Amino acid sequence: MLPRLFARILVGCAALNLGFSLAAPAAVYPFRHNLPPTLEPQAAGQLTVQTLASGRTESLLSLSGLTPQTAYMAHYHALGAQPGASACDSDGPVTLGFPAFKADAQGRASVKLSAAPNVLAGNAGAYVNVHLASDPASVPLCAAVLKVAVLNGKAAPVNAKAAPAPVSLQKISIIDNAFRPPTLSIKVGDTVTWTHDGQITHNVKSTTAAGPQSGDLHHGDTYSFTFKQAGTYLFYCSYHEGMSGTITVTNR
Ligand SMILES: [Cu+2]
């Protein structure tokens, strides 16, 4: 059985990643039945995708109504070529497998998958199928992670590249001795511009190398930084104790 072998290889590569502090709000995707819901009609659940402070994504399947004591598999699929209202209908290839799991005596199961953000970004994590380990062709549940736009009869992924939420330009004023506003919530890809409206020398430094790092700024200077990774960024002026702020960056 090729699909099962493929799944086993994928599962071997998937590392469980527990215990990191949470950095961004979770996205929750409900599972739905493939129609008509003849297969395991009691099955239900949701997929929760969280970006951790480490930058990795964690996907959690929480399922109920499965056949008790039965082995299941779940995979991320890329968006396929079939047009449809949902990514679930697009018939795309497997991109990433969840660890194999078994429903308990009550028909419940939960399983976690950790992956680098670029693996689940864009088209690589369009939908998640849950199916019986004994019969990969029967798929009781699917959760669409990407929405699908039907263009000229062809499915197109709707993601950060194809139909982005507008990138916004955010401004922070530097005064003597504070940042105004000191906190911002933005999306991945947004640019923040600091403008020096004070009189004495300041700078913008970050506690992470992936964050903003300006040189000395003087009255009238600006410094811009584009946030490419979700997370919480603490920024500060290295000259003035207590002159700091926080930018929270979430996936769009
Ligand atoms: Cu300063």
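Glycine residues also receive a Cβ, built from the backbone N, Cα and C atoms like all the rest.
Nobody curates TrEMBL annotations by hand; they come from automatic prediction.
Binding site for Cu cation per TrEMBL: Cys237, His240, Met243, plus His202 from the candidate set His202, His218, His219. When Cβ neighbours within 10 Å are tallied across all protein chains shown, the highest count among the binding-site residues His202, His240 belongs to His202.
Taking the Cβ of Cys237 (Cu cation binding site) as reference, residues of its chain lying under 8 Å away and at least six apart in sequence are, in sequence order, Ile174, Asn177, Phe179, His202, Asn203, Val204, Lys205, Met243, Ser244. Here the Cβ of Met243 (Cu cation binding site) has 20 other Cβ atoms within 10 Å, regardless of which shown protein chain they belong to.
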